[in-house]
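Feature annotations, reproduced from Swiss-Prot:
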- 178-206: zinc finger (ZN_FING)
- Ser248: phosphoserine (MOD_RES)
- Gly668, Pro669, Tyr670, Gly671, Thr672, Gly673, Lys674, Thr675: ATP binding site (BINDING)
- 794-797: motif 'DEAA box' (MOTIF)
- 1117-1141: region 'Disordered' (REGION)
- 1117-1127: compositional bias 'Polar residues' (COMPBIAS)
- Arg1245: omega-N-methylarginine (MOD_RES)
- 1246-1345: region 'Disordered' (REGION)
- 1268-1281: compositional bias 'Basic and acidic residues' (COMPBIAS)
- 1292-1308: compositional bias 'Basic and acidic residues' (COMPBIAS)
- 1386-1429: region 'Disordered' (REGION)
- 1399-1412: compositional bias 'Low complexity' (COMPBIAS)
- 1527-1552: region 'Disordered' (REGION)
- 1608-1637: region 'Disordered' (REGION)
- Ser1614: phosphoserine (MOD_RES)
- 1623-1636: compositional bias 'Low complexity' (COMPBIAS)
- Ser1645: phosphoserine (MOD_RES)
- 1729-1779: region 'Disordered' (REGION)
- 1731-1745: compositional bias 'Low complexity' (COMPBIAS)
- Ser1738: phosphoserine (MOD_RES)
- Ser1741: phosphoserine (MOD_RES)
- 1761-1779: compositional bias 'Polar residues' (COMPBIAS)
- Ser1766: phosphoserine (MOD_RES)
- 1792-1843: region 'Disordered' (REGION)
- 1792-1825: compositional bias 'Polar residues' (COMPBIAS)
- 1870-1942: region 'Disordered' (REGION)
- 1876-1888: compositional bias 'Low complexity' (COMPBIAS)
- 1920-1942: compositional bias 'Low complexity' (COMPBIAS)
Amino acid sequence: MEDRRAEKSCEQACESLKRQDYEMALKHCTEALLSLGQYSMADFTGPCPLEIERIKIESLLYRIASFLQLKNYVQADEDCRHVLGEGLAKGEDAFRAVLCCMQLKGKLQPVSTILAKSLTGESLNGMVTKDLTRLKTLLSETETATSNALSGYHVEDLDEGSCNGWHFRPPPRGITSSEEYTLCKRFLEQGICRYGAQCTSAHSQEELAEWQKRYASRLIKLKQQNENKQLSGSYMETLIEKWMNSLSPEKVLSECIEGVKVEHNPDLSVTVSTKKSHQTWTFALTCKPARMLYRVALLYDAHRPHFSIIAISAGDSTTQVSQEVPENCQEWIGGKMAQNGLDHYVYKVGIAFNTEIFGTFRQTIVFDFGLEPVLMQRVMIDAASTEDLEYLMHAKQQLVTTAKRWDSSSKTIIDFEPNETTDLEKSLLIRYQIPLSADQLFTQSVLDKSLTKSNYQSRLHDLLYIEEIAQYKEISKFNLKVQLQILASFMLTGVSGGAKYAQNGQLFGRFKLTETLSEDTLAGRLVMTKVNAVYLLPVPKQKLVQTQGTKEKVYEATIEEKTKEYIFLRLSRECCEELNLRPDCDTQVELQFQLNRLPLCEMHYALDRIKDNGVLFPDISMTPTIPWSPNRQWDEQLDPRLNAKQKEAVLAITTPLAIQLPPVLIIGPYGTGKTFTLAQAVKHILQQQETRILICTHSNSAADLYIKDYLHPYVEAGNPQARPLRVYFRNRWVKTVHPVVHQYCLISSAHSTFQMPQKEDILKHRVVVVTLNTSQYLCQLDLEPGFFTHILLDEAAQAMECETIMPLALATQNTRIVLAGDHMQLSPFVYSEFARERNLHVSLLDRLYEHYPAEFPCRILLCENYRSHEAIINYTSELFYEGKLMASGKQPAHKDFYPLTFFTARGEDVQEKNSTAFYNNAEVFEVVERVEELRRKWPVAWGKLDDGSIGVVTPYADQVFRIRAELRKKRLSDVNVERVLNVQGKQFRVLFLSTVRTRHTCKHKQTPIKKKEQLLEDSTEDLDYGFLSNYKLLNTAITRAQSLVAVVGDPIALCSIGRCRKFWERFIALCHENSSLHGITFEQIKAQLEALELKKTYVLNPLAPEFIPRALRLQHSGSTNKQQQSPPKGKSLHHTQNDHFQNDGIVQPNPSVLIGNPIRAYTPPPPLGPHPNLGKSPSPVQRIDPHTGTSILYVPAVYGGNVVMSVPLPVPWTGYQGRFAVDPRIITHQAAMAYNMNLLQTHGRGSPIPYGLGHHPPVTIGQPQNQHQEKDQHEQNRNGKSDTNNSGPEINKIRTPEKKPTEPKQVDLESNPQNRSPESRPSVVYPSTKFPRKDNLNPRHINLPLPAPHAQYAIPNRHFHPLPQLPRPPFPIPQQHTLLNQQQNNLPEQPNQIPPQPNQVVQQQSQLNQQPQQPPPQLSPAYQAGPNNAFFNSAVAHRPQSPPAEAVIPEQQPPPMLQEGHSPLRAIAQPGPILPSHLNSFIDENPSGLPIGEALDRIHGSVALETLRQQQARFQQWSEHHAFLSQGSAPYPHHHHPHLQHLPQPPLGLHQPPVRADWKLTSSAEDEVETTYSRFQDLIRELSHRDQSETRELAEMPPPQSRLLQYRQVQSRSPPAVPSPPSSTDHSSHFSNFNDNSRDIEVASNPAFPQRLPPQIFNSPFSLPSEHLAPPPLKYLAPDGAWTFANLQQNHLMGPGFPYGLPPLPHRPPQNPFVQIQNHQHAIGQEPFHPLSSRTVSSSSLPSLEEYEPRGPGRPLYQRRISSSSVQPCSEEVSTPQDSLAQCKELQDHSNQSSFNFSSPESWVNTTSSTPYQNIPCNGSSRTAQPRELIAPPKTVKPPEDQLKSENLEVSSSFNYSVLQHLGQFPPLMPNKQIAESANSSSPQSSAGGKPAMSYASALRAPPKPRPPPEQAKKSSDPLSLFQELSLGSSSGSNGFYSYFK
């Protein structure tokens, strides 16, 4: 029995402790320890060593608790040292495991509580409590971690944990791929993480690996569940799967079927205005002849709880018999009714809907009569008010425009007189001018990783300049046209009230502010805080004719006052006289705000004043000692209200100056008494001799508080030495200052202004109180450093470090510096994303907090909060303050609402046009309703209900306006509604949080941030998702509340998106535990999260566009040329049934783009015609996942189980044909075509791809890709902001500034036979992606073939899976060239139009049928006959210079510079990408380039026509694949065989005319180029001044950062063209361990690969740099899903097998080079082609695996590797260098028009209409960017000599690099001279051979020198021009990517 004694004693000790019998507990502990002592020798009867260790630790902990309670502190401390020493010596993990075990059994709580109480009370007899504090921290960390694990979210994890032994924290929710888990950069680098256990990134490689394992194990479980389910699949799932797999989906499900008439009541789309609503629909189905109804079922899962079948009756029109329907019925099975020979039969079906929350709900009902198609009907209900917020419309009265800044070059500026700027201020403004060149800003210090002692000044100077440019840019967005009321005087009410009178001929002007300029918007905040002058331009009644050479006058006016509603201006005498202004009249003026540069100049000045920055980088190697004595601790003069921690702080501050201390940090959240503590310390310091105190605060109100509440009463009590001097800003209006404070200020005798202090004034006072801004006055008084002995900075966390150091210029090493603040509150706002990345916004307090070790004595946390309820404190303590806070105040709670309460609203967040903000109407109504309810139930204990009682906080201005408006309607205007930024320092009895964001627009990152590059906090993502990702924002908001925090939001989104999801998990779990989770159950949240993560067949897209077979689509587009449109503004997206469910419920999209948040232009496809029957084969199931925001596509049964594939949801309105990524294995299923697979929309963040089931992860081939595209697309579409090419005045809005509106010519497109190719219409409707956002880059799509069906034969180390190849004969040469010549010489001349950007999308369909011609007879609706053969022969080879899919341009006329008769350059209609039939759609997202699948729609042969006839019925919709499948004999380009080069073969590429810098210009064009160019603020491109007058709104231009993004994404990764592929073209040659032979043998001998010959397809045809030689990690080569049709061969195109009797797709043989020589023109870029190969199809094509390097918001450009880019300006595969030269010569001969005979018929589609001019580089998308290999080639790879020669020839002959710079491209990474040489020399030496001319960093710093235009303008020195040169992104406008180049 003895071996159980110790354990028993330990248990008894625990019981005694809980009973508070401490002496007995002590006794039992001692017994247990003594018992354990005897087991120290090897005793086989005793417990095992681990058990001994556990009992020992437990007993010691109980002993410590008992000793503390018995006040035996010394013994407790000794035991504590013992437990820590032993526990940690044996490994911290083991020790923590014991603690976790105790916590799970509930044994840790009593110990932890006692420890916390002991340490937060009085100091333990003055002893040092370092060990006890450390133990307490360990215990609280353990409790936090364990409680998170137990919070209910990870029940399944705990289950797994018990069996699989998981050791780390549970992973974050909402992850849809194990690749999304990341490592926490901050933790790895600094060993601490602000998020603690709540961090969504792993804190070690081991934790990361475990998370990935857990994810995999959950996926396996899901797969098993699916396999089990498959045996007994439900009717609904079977039906959906059948529909998905059907060749003719409309034959499976349809909205109308023959012989059944459907009537419904009410409308299918209903809006209800109350939250608690009930709705029923009755469907009457009249069957003639009579038929049996077998089933009625509801299909859509996500909203199932809200819908049910309530009644079914059957009979004739007069008598109905009710059928039995179970309760909450989801599927009713009938078939038992007798029809008694009736000729007709009527069924009535009742569907009920119930909701108690606001939101949008959808359902699909199917009625199965035993025949197909099955009838379906879709219903939608919107539980939200749809009233327009009229006042918001009213707010649009202020016309906000973007225009050129007014400066002395464009206007005559009349300065305001008298000018009150002091000489010192003038000198500062002059001294700190923004440097004029980039290399002065981008110094090494800015590019350094962090702030150091050595780079301190230079780095902060540069970042301040960069921030100034960003502020300037933000403020430049506003020209306001306003009615200015002229006043002679005005009155202000309130505390700061008083009257002001104009004197000396001056007048006041007043104008009203609207939401546009309130503190709630970014720019508004800037205007309210950083602007003190405006330029004013009178708007004349009639437009005056301006004479040449005269400049308009603008007048400077100063801002006199800013109130919440008005701004008051002071107008100068000269202005009033010249404009003849009179009081009490109105005049219309245009205003431009002028940034006040002075505060930034003062920060520069402060930086230069800091002589010794050692104070700012304290040495922490030696721990300082703060002397302690009982006399000091219990000094009677200390205020008795001070708690222990506050006393500790006072002791540290008042430590004798002889003892040097680093800056003392007093950390504490609001409500812990920081100001009180500092004030007590001041009183104490004044008792020491020779001390002088400087108190600095961030705000005037806080400074006044010291005087009013502390110093004034102290002076009045008889302490004259404490008399403070309050220094105020000299222009502050005296009347606005509190009377008590007046007596401590220096006020001029006239009592009108404050005076600047003189040195004597300072010497007279021992206490000086200033704000950080006014502290600079003291610096100007020549006070010697060290004059103040103590410098106390309050609110130190709210100021940037540059502001905080102003007063520190007066400090020395001996000065006692104290910083008080809350490091977890919001940091100051910085407008420049670049500066934010480099931590310009971080406060000194924040930086030192991280610099000091955890238990540093100068880092004191005040931990008793007196303001909030205990539940609120405990939550914030646990999550934000390491468990150290405790509630000391007694705040009453509400009887009905627990202090943490959650109200569910399932709305959708929307972004308005011209707004960077979001709103969510469902939340607006929920908040208002709950506010009303709370007011009715206001407890007496909460006191009077007044203005400060209820606060509503949200991160977005738009939501603020909407909630205010709704409250106003309910007469609840006393409720405070604010943005979080504006509530710091305020407090409310009740606080409502509206979180706004949902998965509707927040797409979770689909790719990992590069490991170890986890986003840094305060990155763009934080700003972007508000409460979902910025923990400081969340903490700031929650800590405002005293008794109740009520959150209104979408719980699924909160728990699955953003870096705060674990904080929200905990919040919702607490609400659940306390029964305060309303509107959804905890179980539902868990189920939906699991469904979301594991991609069950849970949700399908309710907004799914209707399926129209391709053939019908073509007919329809022929019958209408209506534009696709978005829902009207101000109207609910789901307002009518038409909007939602009919394919022509269409409204015109508004082309305006967001101000400050540009998004991409997007062109919808043509709508379908007016034949409802033909066009109506709508999607039967709602296919949007409400949680991920993605659409979901069922995968056919070959996968086993109802696996679902996520596909992007491009547009949430009707009539838009969906673009879905389809797995190639279901290409055989017509359902794929139902989704218009060839028009595949790029994936975005929101489309998780379930490659987990044995498919390739997103990094399969590792290609960067536009991750943000779909997000933008989604936002844009959702708001109807689609940029369509509207003719008329709106056309201007979608052009870049230099594009003037053109009148599109009406062209008879049908007259060109090529235009009638089946794909020419749908193929061009690609959304442009040239408006990037700030998301991470994603790996690009690569068309990866499916792996072998037998995983066991998978070949390791193989980058690309082998493919079968069959030889295939070449085609005869088509006779199309004459026609082409005719077309290509047909460019219309358009003056005034500069080459268009690839930012928009070609809108060919809209014109395709404008002048219809009688079509020739067709083979099938999908394949038109006749001259269309040209289409089948169209070229499809690698097209090096074609822009990516998204880069196609809306119809625009060709540039003016290329006159019709003289230019060899031709516009090319973009045969739009038929987006990749992704060979594995489980690969990643966003193929931004010309997709590989494009091949499928353009290689068609004459042989194909015959096959088409045979296959017509089956393959009507397969236009792009048919020719392949039927063995059309399009030739493939072959490998290098010089003897075959002469063969005339049809082209396989669309020839792209290269951009030439020296285009032949017409006279008018030349004039235009002569004009000097200035930069335009949001554009990187330049435009001439004459064009600027007509620019569109700045907000609508592509943001500067777009260049950087495309720089990574869009540059082609192949090196320049080579004469013919050298030996390195062998695709296996990249991998050292493979050669062709080995591969052949290996594959050929493998029974699993019967037909697999060496595939020459996937590897790029050039040598890879050495770093890319490694094979990919094994995880990227996961085996694919098994192919289940054993008797069918698996073929790469049709998926594993193709059952339709078509032969397998042949591949090109590896021999025979293929070079086209036709009309003296060599084919461009004949790279080896395979329709599914990943050709270098666009400039964004093929980086190698290693180059996959997405950039997160926190990932600056210069940290990324240089990737290759392509220059294929002239000819890629020319037979000889001479040919190359000849061809390039032709390029330079501008009059030689005949030399450009393009051989691709497709290339001239629609020539005479305005077509894209493809080679114009814009925003980084140029094809002509110089290859990185030429600039800085990888050292290890030397291309073969012939390749180098060819590269050089090409580049040198035809490519002038300056055009890139001139047109807004990136600078070369070598000096211009060198480029010129390489561009004009014809020496065989390639630049690739040389060393890199310039490092990347130096390229960043080097000022790029553009090719000067004929007359180079003098560089403008104003900040805006400079901004455009640097094109830095500002946080709101550019959202985060900036280019560092010109």
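Cβ atoms here come from the backbone N, Cα and C positions, even for glycine.
The ATP site is defined by Gly668, Pro669, Tyr670, Gly671, Thr672, Gly673, Lys674, Thr675, and by the 8 Å test on Cβ atoms against their centroid, the other residues of the chain that qualify are Asp822, Leu862, Asn865. Ranked by how many other Cβ atoms sit within 10 Å of their Cβ, the recorded positions Ser248, Thr672 place Ser248 at the bottom. Confidence annotation: the zinc finger (178-206) carries a mean pLDDT of 80 in the model.
The C-beta environment of Thr675 (ATP binding site), restricted to residues of the same chain at least 6 apart in sequence and closer than 8 Å, consists of Ala702, Leu705, Tyr706, Asp794, Ala820. Annotation for Gly671 (ATP binding site): spatial neighbours Asn865, Tyr866, Arg867, Ser868, Gly889, Gln987, Thr1039, criterion Cβ-Cβ under 8 Å with sequence separation of six or more.
Cβ neighbour count for Pro669 (ATP binding site): 27 (other Cβ atoms within 10 Å of its Cβ, all protein chains included). Here the motif 'DEAA box' (794-797) has, by DSSP, the following mix of helix, strand and coil residues: 2 helix, 0 strand, 2 coil. Across the structure, Gly668 (ATP binding site) and Ser248 (phosphoserine) place their CA atoms 66 angstrom apart. Neighbour density around each Cβ, counted as other Cβ atoms within 10 Å, peaks among the binding-site residues Gly668, Gly673 at Gly668. Here the CA atom of Pro669 (ATP binding site) lies 64 Å from the CA atom of Ser248 (phosphoserine).
Secondary structure at Lys674 (ATP binding site), as computed by DSSP, is helix.
Within 10 Å of the C-beta of Tyr670 (ATP binding site) we count 19 further C-beta atoms, all protein chains included. Within 10 Å of the Cβ of Lys674 (ATP binding site) there are 22 other Cβ atoms, across all protein chains. Helix, strand and coil residue tallies for the zinc finger (178-206), in that order: 14 helix, 2 strand, 13 coil [DSSP].
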